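Scroll down for the structure; my scribbles are underneath it.
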C-alpha cells in the first residue's frame, strides 16, 4: 500500500487523540518510509499541538528486586536463563527505597518508577510494594511500578495504595513475540494491561528496538501500541542495551536515524502520550538525543542506572538540557524559575 506524504500529513494535522483510529501496520510502515526530515518535521508539529516542546518529564527508575527472573526474555540480563553474572538479590528495604526516592526528587525527578524481577508478584509481594508506594506518594511524587503479570484484584490493590502508572511493555511486534520470549505470550501481556485499565491505573507501555527486527516489525510494534484503547499515557522506547551472556549480545546495531524515526512515528500515532527515551540513551550522542526531542520525545529516565544497565549521569543531562533550553515538566515557568534551578540544577532561560 502506497500512502503519499500529503495524505499522511492530512491524517496527522490537528487531529484529536485518535481513540477511534485503527493504525494498520502498512500505514505505520508508510510513515517510517517518509523522507527523514519530513517525518521529523511532521512529528514536531504533532508534538507542538499537544505539548509544550520545552518541557521534559524527568523520571527515575529503581530496581527494588534484582535478578533471578524465571522469564527468558532474550534481551534481559536479569533472566535466570542467561549467564550474565548478575546475582539474585532480595527485595530492598522499604526505608532504603524511600531514601532513593527522596534523592531523586531533590535532583529534579517528578516520577519514581520501581521494577521487580518477577514473572508476577505474589499476594504478599503486593502488600510489600503497596507500603512502598504509599511512602513514595507521601513525598509528592508520581509513582510507577513494573512487577510483571498481575492476578485478579492486584491492580486494584496497587491503585488503592496510590500507584499512578503500571508499566507493562509489549516488547516487540506481536508477530515475532515468541522469537524473543518463550516463557509467556503476547496475549498474556494484553491480559495484564486489561486488568490495569479496568482498575483505573494509567498505562506505561512501550517496547525495545534494535533486536534484529525489520522496519516492518518496528512498525508492527508501534501499531500494536497505538491501537491500545485508550492509548498508553506513557510510551517508553528502548534501544537495546547488549549485555554479554544474553541471546542478543551480538545483535546488529540499529542505525541512529532508524531510532529517531521510531520516536517520530510513535509521536505521530500517539499524539497525547509521553514518549520516553529509555534504555540505550547512554550510547546516544547529544545531537541524536536532540533530534529525538525534536521528533517528539518528552520524557527521559534521569539517574545513572536503569535497573541493571547504565544511563547518562545527571550532570550530563543537566548540561544537555541547558544547551537545548529544556526544563523539567514538574514546574511551571511563571513564578517558579528559582525552584526549577534549585531542584534540578538546570538554568531556565525564557
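Just so you know, glycine gets a Cβ as well, placed from its N, Cα and C.
When 144, 292 are compared with the [2Fe-2S] cluster site residues 113, 204, 276 in Swiss-Prot, the one appearing in that site is 144. In sequence order, 71, 72, 75, 77, 78, 79, 81, 82, 117 are the same-chain residues whose CB sits within 8 A of the CB centroid of 69, 73, 76, the residues recorded for [4Fe-4S] cluster being left out. Non-local neighbourhood of residue 144 ([2Fe-2S] cluster binding site): 59, 111, 112, 113, 114, 163, 164, 165, 166, 167, 204, 234, each in the same chain, at least six residues away, with C-beta under 8 Å from its C-beta. Close to residue 73 ([4Fe-4S] cluster binding site) in the fold, though at least 6 residues off in sequence, lie 79, 171, 180, 181, 183, each with a CB less than 8 Å from its CB. For the pair residue 276 ([2Fe-2S] cluster binding site) and residue 69 ([4Fe-4S] cluster binding site), the C-alpha distance works out to 25 angstrom.
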